[in-house]
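Asks: Can you read through this structure? Questions will come right after.
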Amino acid sequence: MGEPLYRRVVIKVSGESFAGGQSFGIDQPTIDRIAVDLIAAQKLGVEVAVVVGGGNIFRGVEVSSRGVSRPTGDSMGMLATVMNCLALEAAIERHAVPARTLSAMVMPQVCELFTRAAAHKYLSEGRIVLLAGGTGNPFFTTDTTAVLRAAEIGASAVLKATNVDGVYSADPKKDPNATRFERLSHSQAVEGNYKVMDATAFALARETSLPIIVFSIAEPGSIGAILTGTGRGTIVAG
Ligand code: UDP
């Protein structure tokens, strides 16, 4: 693989991708493969921070449709992201690579609180930093968290790992005429209302001039390929 295009990145991994082919929970072989991919990406010489979603366990919107208030449902969703981060941290450390979970919510018995200083310190020490708990606020998503944290810690790109290989004009699983975009501007991404990532995340990326690369994590090695410019995905920038 060639030289990496970025020095520090935030990689967003959805909770859904932790479930493997299942609809709920953590599939251990899948999480192990993601850990191996993240380690390989870091070995390219890139400082890697990871925002993990929680949709494989709880999503606030879904919980709130069952009689729990939305903010409470969102708290459950944010706690789900902490569980996923702890599982990923363990998977990375099984390969003798140091990782550290930093949470947006205070839980000293479980993991350290996210601060920019802690993130800078651990990234420069060569740890993979896992960012848990979303933004710490209800009504946001972990996509938005990824852009927010990237801006806060001075990352040069957000890599949005998902189960499709980019942004499409429509859902490629439902519409055979859906076409994949090679490149989109931030404004086109906001206005297009594409389902792959929420508009708040694209708008914040526009505000902070952060490129977002949307790609599929299904193939082993896909993170490294995106980092070296040889992968397949949609670049949202400019
Ligand atoms: N969440 C939240 N605030 C945040 C980030 C996440 O309230 O800043 C909650 C929200 O309920 C969301 C859940 O955590 O549905 C899981 O996050 P997300 O849906 O982004 O996970 P993913 O779809 O990536 O697995």
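Any Cβ shown, glycine's included, is placed from N, Cα and C.
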Asks: If TrEMBL says Asp74, Thr135, Gly136, Asn137, Pro138, Phe139, Phe140, Thr141, Thr142 bind UMP, which of Gly45, Gly54, Gly166 does it name for the same site?
Replies: Gly54
Asks: Along the domain 'Aspartate/glutamate/uridylate kinase' (8-216), what average pLDDT does this model show?
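Replies: Taking every residue of the domain 'Aspartate/glutamate/uridylate kinase' (8-216) together, the mean pLDDT is 96.
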Asks: Would you measure the largest Cα separation among Lys12, Val13, Ser14, Gly15, Gly55, Arg59, Thr162, Asn163, Tyr168, Asp171 for the ATP site and round it to whole Å?
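Replies: Per the listed residues, the maximum Cα distance equals 24 Å.
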Asks: Around the Cβ of Lys12 (ATP binding site), how many other Cβ atoms lie within 10 Å? Please give the count over every shown protein chain.
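Replies: Around the Cβ of Lys12 (ATP binding site), 29 other Cβ atoms lie within 10 Å.
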Asks: When the Cβ positions of the binding-site residues Lys12, Thr162, Tyr168 are compared with the atoms of ligand 1, which fall under 6 Å?
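Replies: None, as no Cβ falls under 6 Å.
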